[in-house]
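Straight from Swiss-Prot, the features:
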- 29-35, 71-75, 130-133: GTP binding site (BINDING)
- LYS141: ubiquitin cross-link (CROSSLNK)
- 1-19: intramembrane segment (INTRAMEM)
Amino acid sequence: MLALISRLLDWFRSLFWKEEMELTLVGLQYSGKTTFVNVIASGQFSEDMIPTVGFNMRKVTKGNVTIKIWDIGGQPRFRSMWERYCRGVNAIVYMIDAAYREKIEASRNELHNLLDKPQLQGIPVLVLGNKRDLPNALDEKQLIEKMNLSAIQDREICCYSISCKEKDNIDITLQWLIQHSKSRRS
């Protein structure tokens, strides 16, 4: 009954206070980008994901905020597209497989190369270390250090350790995203 009332209130609020945001989700292949989109959209986790070829776009509504998500493929042949899809968005979400330590250096280099693009200056970045449920996954402090996030000074940057499978920290991730819908870029 309480859930029904909550949904009814969310619907009523959405009639008067709609907000939209656009974000781009990037990161190396197999980091969990499409899984993340599925989890925030439907709460469903699936082990059987097919790698994204090119990009997917999906709209997700949470409360009175509609989030347009560009999920860009992480294979090397698609990384040149990242910048184009990151221009003018409210936020860039950079996904890392926190348990695949051998790929951290490549992931760090791709993130810093992307953020060096002048057209992306000032766009907030949310770094998500996914797969925290796996053994040897890096925690937030380790991710900040290994990804050299303290060197990024020209924008807001935030880092969370999440698990799409266990739905760990998905709620605070959504809170961060919704907060950034209020700072729409022109």
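Even glycines carry a Cβ here, placed using N, Cα and C.
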- Item | Same chain, 6+ residues apart, C-beta under 8 Å of the C-beta of ARG132 (GTP binding site), given in sequence order | ALA98, ALA99, ASP139, SER161, ILE162, SER163, GLU166, ASP168, ASN169
- Message: Looking at the binding-site residues listed here (GLN29, SER31, THR35, ASN130), whose Cα lies nearest to that of the residue listed as 'ubiquitin cross-link'?
- Response: ASN130
- Task: Write out the long-range same-chain contacts of SER31 (GTP binding site), meaning residues 6 or more apart in sequence whose Cβ is under 8 Å from its Cβ.
- Result: GLY74, MET95, ILE96, ASP97, SER107, ASN130
- Just how many other Cβ atoms lie inside 10 Å of the Cβ on the residue listed as 'ubiquitin cross-link'? 10
- Query: Which Cβ among the binding-site residues (GLN29, GLY74, ASN130) has the fewest C-beta neighbours inside 10 Å?
  - Reply: GLN29
- Message: These are the binding-site residues: LYS33, THR35, ILE72. Which one scores highest on other Cβ atoms within 10 Å?
- Response: LYS33
